[in-house]
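Features as listed in TrEMBL:
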- CYS111, HIS113, GLU147, HIS174, HIS386: Mn(2+) binding site (BINDING)
- 195-291: domain 'Peptidase M20 dimerisation' (DOMAIN)
Amino acid sequence: MTDDLLTHVDDVLPWHVNLYEDLHRNPELSFQETRTSGLVADRLRNLGYTVHTGIGGTGLVGVLVNGPGSVVLARADMDGLPVREESGLPYASTTTATDPQGRQVPVMHACGHDMHISCLLATAQLLAEHRADWSGTFIALFQPAEELVAGAQAMVDDGLADLIPKPDVALGQHVMGLPYDTVASRPGAALSASDSIKVTVHGRGTHGSMPHLGIDPILLGSAIVLRLNAIVSRELAPGHFGVVTVGSFQSGTKSNIIPGSAELLLNLRSYNRETRSLLRAAVERVVRAECDASGCSAPPEFDDYQSAPLTQNSPEVHNKVFAAFANRFGDKAVLMEPSTGSEDFSDIPNALGVPYLFWIWGGFDPDTYRTAEADGTLSTTIPGNHASTFAPVMEPTMRTGIEAMTTAVMSYLAKDANNA
Ligand SMILES: [Zn+2]
Ligand SMILES: [Zn+2]
């Protein structure tokens, strides 16, 4: 039955290519996806979906009930990034927008979320137009502000659970800076948990020539940076994944002033709860101990200002969907390496209490990015997500994305799948 639906991809592809080019030309920043969600809502209504808009800001869902069977939720994210596009595409963005700080910034779909929207809408269309091929309920969810790791939780907090039937499974996908001949999934931890912490340490300001009258927060901060870098190498068991990065260290204004305080921005990555709490506890212990060693004027402050949940795929869902991928894509379906990137997708299934799968697929022709090295070898430098040159090729990326999403959904909703 699945193959029946996929034989119609060519019928829906041109409309979605047009939509993709339109979305790519007109990206919107996180929580500003008004035009995008309007387009999506109109399309879902025309296809016969029951649509709820304005969930968590610009989020929306379309629900299609088509007889008894499983309830499947599939999610796409909608936001662009403050990046000036340098892709050279004929449909490149020249859009600007006002960011939350009031600055005018360029905006680009540099993470491929426009591809996610187009592919999920195409799956929604295939299901709406071929209802005899499946049975159950399909929920297409479009979330804002993935790039702020905030949009999924915003939809949950705004009562998502009361607007939709409880799903049996949730699905999501991401196009990546990888060769286009890959669709990759894995059971268990697929994307890392991410935690950002602002640490403020308080010394005592003084003249640069009279250090004995003060407590130097720059020396203190430097000791903290060095010591934090020992957490992963000395406290985490070899072979376990963890990252502790100090991404910003700000203090002082002038060479002859010892400032009063310093601010450090930290980012932690982990693949399980134990490592996550080990890293967080070690950071706090190290900072407090170094502040004590310096005789600080006040205790340090910790502001946990942004975190992304662990993306931990259900082995059962992976096994079912990956078998369907292998059937569909042959050796293009591969096991995914765990990624150090992060996502907020899992906030939705976690809140609804349902198992989930998040997979990735490649969007780039490696031949385009092959360069000859001085020694005669060839190397491939495909742009990563968020690069100003991030530009998935239309063919076959969109077709693969539509086929992957539809295949995964149909592994639950095809008439012969319901009894499985
Ligand atoms: Zn991104
Ligand atoms: Zn993304």
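Cβ atoms here come from the backbone N, Cα and C positions, even for glycine.
Annotated features taken from TrEMBL, shown on the structure.
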| residue | record | contacts (Cβ under 8 Å, 6+ apart) |
| --- | --- | --- |
| CYS111 | Mn(2+) binding site | GLY80, LEU81, GLU146, GLU147, ASN385, HIS386, PHE390 |
| HIS113 | Mn(2+) binding site | ALA76, ASP77, MET78, ASP79, GLY80, GLU146 |
| HIS174 | Mn(2+) binding site | GLY112, HIS116, GLU343, PHE358, TRP359, ILE360, TRP361 |
### Task
Inside 10 Å of the Cβ of GLU147 (Mn(2+) binding site), count up the other Cβ atoms and send me the figure.
20
### Task
Within the same chain, and leaving aside CYS111, HIS113, GLU147, HIS174, HIS386, name every residue whose CB is within 8 angstroms of the centroid of the CB atoms belonging to the recorded Mn(2+) site, in sequence order.
ASP77, ASP79, LEU81, HIS109, ALA110, GLY112, GLU146, ASN385
### Summary
Here the 10 Å Cβ neighbour count for HIS386 (Mn(2+) binding site) comes out at 15
### Query
Within the set CYS111, HIS113, GLU147, HIS174, which binding-site residues show a CB-to-ligand 1 distance under 6 A?
CYS111, GLU147
#### Entry: Sequence-ordered binding-site residues from CYS111, GLU147, HIS386 with Cβ under 6 Å of an atom of ligand 2
CYS111
### Task
By DSSP assignment, list the helix, strand and coil residue numbers for the domain 'Peptidase M20 dimerisation' (195-291), in that order.
40 helix, 33 strand, 24 coil
### Summary
DSSP output for HIS174 (Mn(2+) binding site) maps to strand
